[in-house]
Structures are given as structure tokens and as C-alpha cells.
């Protein structure tokens, strides 16, 4: 804005600073209600009465008032935590009190404190990130005495709200957007300003009287319907607005400075409406532990009832039941929750610190054990299994096809057309009938090749960008910059691959703006074309088109390219399209059909009038526009087929083989044709070389799906290829006893789009995102983020396996720690209960998070070890029962041994039994450890030292002089030996005669 203009000024404005000071004075809450279309008035101060939601970003789960209640509710909605809360609360009732309050409330308070602090830290980090975004400053264009209307957004600045694009500083009259944080795609998107406002100087925007009519807020980020009307012109000017005229919040301006007017804010933003609150994921392991806790509680109730029944339900028997429930409450030790939560933190830290999978991020530290229980893996194809880097492979003209090794022939044809000199003319013999015919045939083929290449070079949405010394300029680029400075930008890597190929064969796209394109020929001649209309690609139409006028001849040509399923009905009849498309798809190529149609001037003028009228419609615009375009899409001349291939990621084949050998069934999801999906699956070794493939035929009802599934069940070791429509019909009747290992789902829309992957990741039990060329949105939404697909193998085989087995060991020791008492009052009181659960045994038990049965190299070399985890054997009902029996045996041995060997005082029973209990647990930890770590030894010795040192302060519970006698030592040794020696013998015999699978590898 010119500083000499007294009526205009640019101010700095905060994105979201509350009512009355946001992007504009009128960005306020609209009070709810159903979304409805709106009109934004420009130059009409008296009509701006629309109210808008407050434009803030809030990703926090709680606010100041709901934080503590919300955290506590999420903790106590599970039986495990609720049990300990009720247990602690019961001690406030005098008739139920069994000991000091701190023996119940201190452990529970510690667990809750850890959870609250962790949630507070995460909420604080989230608040800081939100505040940083919400307080970003922007410039606004306003007149003195008037509320601000327009926003200035500079290069590399994030768009703060959904806006209509009015003006850009770029000379070509367009700008690029980076949309990776909106839709996951890293390819830049081209955006066009409103034509009548782009022609105006920036200062004149406040002088016009106009309005924008926009559709109601909705979630569709790929479409928009609206109109821009300028009332102060004669006659009034109306322009249709589409997605190309929008700047959605969350996108970033990649070129130039833009001016826009705000349409939607706050909860009405497209990005906000597409964001769902991710569910709080609970791992299968935690659910199993919660289930086992209920079983232990059931056993607790049964024992309590038996004890009361032995007393013939005398007196206030119901109160006795509660007392027994409290008395035996340590059957469910609270240390289990502490150890598991701390273990998850350690597992997450170990994953992040693994140098062999650098850049791995753990965003959900609550489910690392879930990585060890993966049975089905659903993976996207594009950008995950493949690099999303397209390479041009095939040009097919019907009678002849050119592959990579024959592209020099295509280049020769292009050269001959534009130079009119045959490269081999000097070697031709004098004019004779044979050579003349050959020359004519060659010129005919050259013409066909030229028409195909020119169509590919013109039918796209690619823009060449020239960069030199940090300056971007496209005007007269072919004169100012060399080819090495040119970069192609487009919303699709397929289109970039096609334009790069035309450059390699001699026809180069050197310039493009809103209304023209320039091609350079092999002879450095510049061909100018005027862009009359562009019909962008949509996932509904599966095609795109462009109408151009050749400036040298005035000819108008309609070019179109698209998928064979839609183009087959548009092009003229031929007998080779379907067959060759199938052949190319079976080679794993993405096939596009290219066609053209010449238009007379009158024919185009008639079409333009109908097209403009349809675009101005605000009701059923898409249908009306499509109808008009379809009037041209008839009897088009088929020019060629193009085939591009997406390159596989590095090491994707061995990774998929590892997953398959581990018993994980892999589904590949893609939007490609069935033949292309099958070929990719074979190339990636998702399907083995000798494995049969069953193509699920298209079904329309559940009966047909059931018959097809039965046919699939009868096949052994067979991969499945199924379309999205068929999968939707048969989803309720999955096959049993068979592996659904490969799927192609065109109904999903865009295979490989990072934004579309988010919902799949959030709904999964364990979401893993891969940071790739399609952006980071899927990675940011995932529970675990890796930089390469090949890192998935180590994440599951090593870290997932170790996390699950270690947590299973921690849970087993929690069961072991629950010793059954057979007395009416607690045997151990006060500090002994707390000390047993904390400093005496916590460190050795927790050191099991460092244990591993095999080295990481062995786990990767033999993925079959992972199969054992899929059956849940480390924490099954069988192992649970075994550890319960062990605890009963050892608890009984310690109790009855102490009662049998004690002398005259009760305090001697406490000394003998408690010391035996501590020693037995330390020995059991040593019995369980597979691979010793130096910290494990330190933990064992430290715990024993803590117990010995604390005996001096435990004279209230233990006779210090008695423990120094020889009688105490031999009695404790005998009890400990009787409780542990049989288990050591059983462990030796089991490893000797029935060794586990991992022991064979370690030996």
C-alpha cells in the first residue's frame, strides 16, 4: 500500500486475540445453528452484520476447569484403578479400617500424581503450540474509520482462515500453495485470483462495491461453489468461484504476496471440520491385564465368602465379608500399575534412542506393547510401499509402442517434424518408388508421434518455475534462465513425469501463466498457446482437459487425458484400447489415455457461453458444468496411451517378507486398477512367486459375496485381490481359516494420499506413519512415526516383541507378589506393606524392562519368533494360573514355615516370614531373567542392601537382636530354599526336555 495514501494503512493483526480484534472486527461467534450460505459484503459497511466463530486453534483435550475431573474420570473408568480408589476410600469407615490411611492412599496418590503430571505436561505443550499459532501476526488492509476487511499474506506464511483469493503480486497472475498439512500432499497447488480484482491496484480494493456469495461451510476441501459480483461496474460483473480461487486455512503461500477476504473462521474452517478427535487407544495388553484383574477380584470375593461361611455367617457377616475383601486386597497389587506405566516410558525411550531406526517418534507412549501383537497390517501403496516418484515407461500409439530403450526414435520423430530435415536424408538413395513410400510412412508416423507428444506437453496443470539466487520469476524465463534452473510444479507427480518426458524428447514446457503456455521445440523455436479453458482433474470424473488456441495458426483444440474406464466411452471406436490398457496395467504401469478434438470458432463460442452460464449457478453447479463439458466429450480422436511407474521404496521386499514370515497378514490399499495392484504386490513380494491369486469377482449382494468367499476358502495359501465395492458388500462375512493378504480398494478414493491415510491410522489399534514425499500429516496423526518403511520390521520384531514380553513378565510378578493370608488381621502392617511394594522389591522387578530372550539381530533374522506373541502365550490364562499357583505355594511355604519354626514371640514370625518373602522375590526375579544386564545386578544388590539397612529402623515390627542370631539365619535359609528350589529344578527340566524356540537359537 502506498504510504502517500492517507485513507489506507497496513496494520499488524494477531490471528486470534479474542472478540473484536481477530482477523477482522466482525470475526465473532455466530451462535451455532445449521450451516448456511453466506454473503460477504465489500464496500458496504452498513451490511456487514454476519457473525463468525472466534478464529482460534485449540487442540487441548481439557481446559482449566475440566482438566482434573477429566483426567480422574479417564483413570477411574477402568476397573483396575477404580478398585484401588474404593479400597482407599473404605479406610475412612472405622469398622473397615485395617491399618494406617497412608498405607492405602500413598501408593494410589503416587500413581495418580504420575498420571496427572504426565497429562499436565502434554496439555502444557499443546497449549504452547496452539498459542504460538494463534498469536501469529498478519497485515491487514483497511481504510481510516472503517473495520479491516482484507488480509495480506506473504510468501511462506500460513493462511489463518478460509479465504477468497483476490490479488497476487506475481506477474503471471497466480500463486502456489503448499497444502501438505491440509491434505498430506507435498506437490504445490496452483491458485488463481478473482479476475476483476487482480486487474486492480491493491489500494483500489477498498473503493469497489462488491460481494461474495459462498456456499455453507462443509468438509469438502477439494470443491467450492460461490460467486463474486462487482456492483459498481456497468453492467455488474459476476464471476464464478471454485476451488482454484480459495485459500484454505493451514496452507502456506509458496510464491508471492496475496490479498484475500475471509469467508470462514474457527469451527467452520475446512481443516477443523475435517479433524476428528482421535480416540483414546487402549492396547490389547492393557485390556488383558484389566481382565485378569477382574478374575483376581473374583477369586478375592470367593475366598472372602468362604471365610465368612466357615464362621457360619455369624453376626454382621456382611461387614466381615468387606473386612476379608480388604484383608486380602493385596492379591491385586497397585505396584502393577506403577511398573507398567513406568515400563511404557522406558520402552518409548528405547525406541527413540535406537540408532538403527533414526528419526523414529513415539507419539503415543501408552501402547508400545501393541507393537508386539500385530496380526493384520493395512498399508497404503503410494508413498509407503512406493516412493511416489513417477518414471515415464511407455508410449503406445496402437500400432507401435515405445519404451525406455526406444525413446531416441521418438526424439528423432519430433526433430524431423520441426526441422523438416530427415536425420538420415543424406544417406538416402536417389528418388525411387521404394524410398519415397518409406519416407511418407515415416512422415506419417512422425506426425502421429508429434501429435501425441504435443498433447501430453499441453494437457496438464504443470507450471515451470525458475529459481536463481532465491528469486522466482517466470516472465521471459526461457531467455533469462537455463534449463538447469527450471523446476516443474504440479499437484500430481504423474503430470510432472509426463512433462519431464516431453522435455527429454524435444518439446519443452518453458512458460505458463493464467492464460497462456509456451513450448520450445528442438530448434529453439517458441510455440505460443492461449489457454481458453481448463477442466481440472477430479476423483469423480477421473480425467482432466484443456482447450487451447495455437497462436501461429489460430486452431482451437480440446485435449483430454484420463483413466481408461472413462475415456473408453469418449474416444472414437477402436479395437486395441482395452487390450493394451490391460497389458500395461499388468506390467504395473499407471495408464492414461490421451485424446483430442478440433473445435471450430463458432463451436467453441457456443460452448463458452453455456459453460460460463453453468459456472455462475449456485445450485447444482457441478452437475450443470459436467453436462456442458460432456457435450464436447464425444467422438474424440484417440492419440496414445502413456504408462508411468512408481518406484518401490528401498528394502520394501525384505521387509514384507519379514512381516509375512512373522505371521502378519498384510493388506495393501490402493486406488489403482486391479491389474496394477496385483503387479505391484508381486514386485514388492507381498505375494510369493508360487502363490495363487484369487480375484474376487464383483458382487452386488451378501449371497453372492458368501458364495465367492466359499470359493476362496477352498483354496490354500492364496492371496486375495478385491475391489472396494465388493469388499463393502462382503465386509460382514470375512473368510475364516484363510489369509486376506492383498486388496485393491478403488472405492477409497486416492490411494497414497497422506491426508486420506489419517482416518485409517486413527482407527487402527496401532497406527504407524511414514514420513514421505506426500507430507507429514499421516505421520503426525500416527502413534508411531518412522522415516522409512523398512524400519517397520525392526519396530515390530525387536521393540514390539521386547515390550510385550517385558510387560508380560512385569504382570506375572505382580500376580506373584500377591500372597494369600490366612488370618483375621494383617500380618504385615504399616511401613512393611509399603516397603515391600516399593524399595524392597520395586527395582529388581522393574529391571525386567531390560530383559531380552534373544539379541535384536536374532529377532530380525528369525521373524518366526514373533508368531508366539500373536497367540498371547506370554500372558495367557495358562501362565496366569501358573503364577497364581506359584504364589500360593510360596506364600503358604513362607507362612506355615514361619509358624512352624517360630519360637515364642509373634515378632519372630514377622522377621522370619518377611525376610524370606524379600529373598524369595529377589531369587524369583533372578530365575526369570533371560539375559543379565548390569543394572539388573545393581537392582538386586541395592534392594537387599536397602532391606538390611532399614532393619535398624524397623524395631517396631522386627526384633533386631533376633535377626543377628544363627537360629534366624538357618530358619530363613530353609524356608527360602523350600520355596524356590523346586521351581529352579522345574525350570531346568523344562529347558532340558522342552526348550522354548528362542533357547534353541541362543544356544
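A Cβ is built for glycine as well, from the same backbone N, Cα and C atoms used for every other residue.
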Practice task
From the ranges 852-878, 960-986, grab the one TrEMBL calls transmembrane segment.
Solution key: 960-986
Exercise for the section: When you get a sec, could you say which of 287-311, 312-336, 337-361, 362-386 is annotated transmembrane segment by TrEMBL? Expected result: 287-311
Exercise for the section: Examine the ranges 808-828, 934-954 and name the one recorded by TrEMBL as transmembrane segment. Expected result: 934-954
Fill in the blank from the handout: Listed in sequence order, the residues of the same chain lying six or more positions from residue 537 (ATP binding site) whose CB sits under 8 Å from its CB are 461, 492, 543, 544, 562
Practice task
Using all protein chains in view, find how many other C-beta atoms are within 10 Å of the C-beta of residue 382 (ATP binding site).
Solution key: 26
Completion exercise
If you tally other C-beta atoms within 10 angstroms for each of the binding-site residues 380, 590, 671, the top scorer is 380
Exercise for the section: List the helix, strand and coil residue totals of the domain 'P-type ATPase N-terminal' (45-105) as derived from DSSP. Expected result: 32 helix, 0 strand, 29 coil
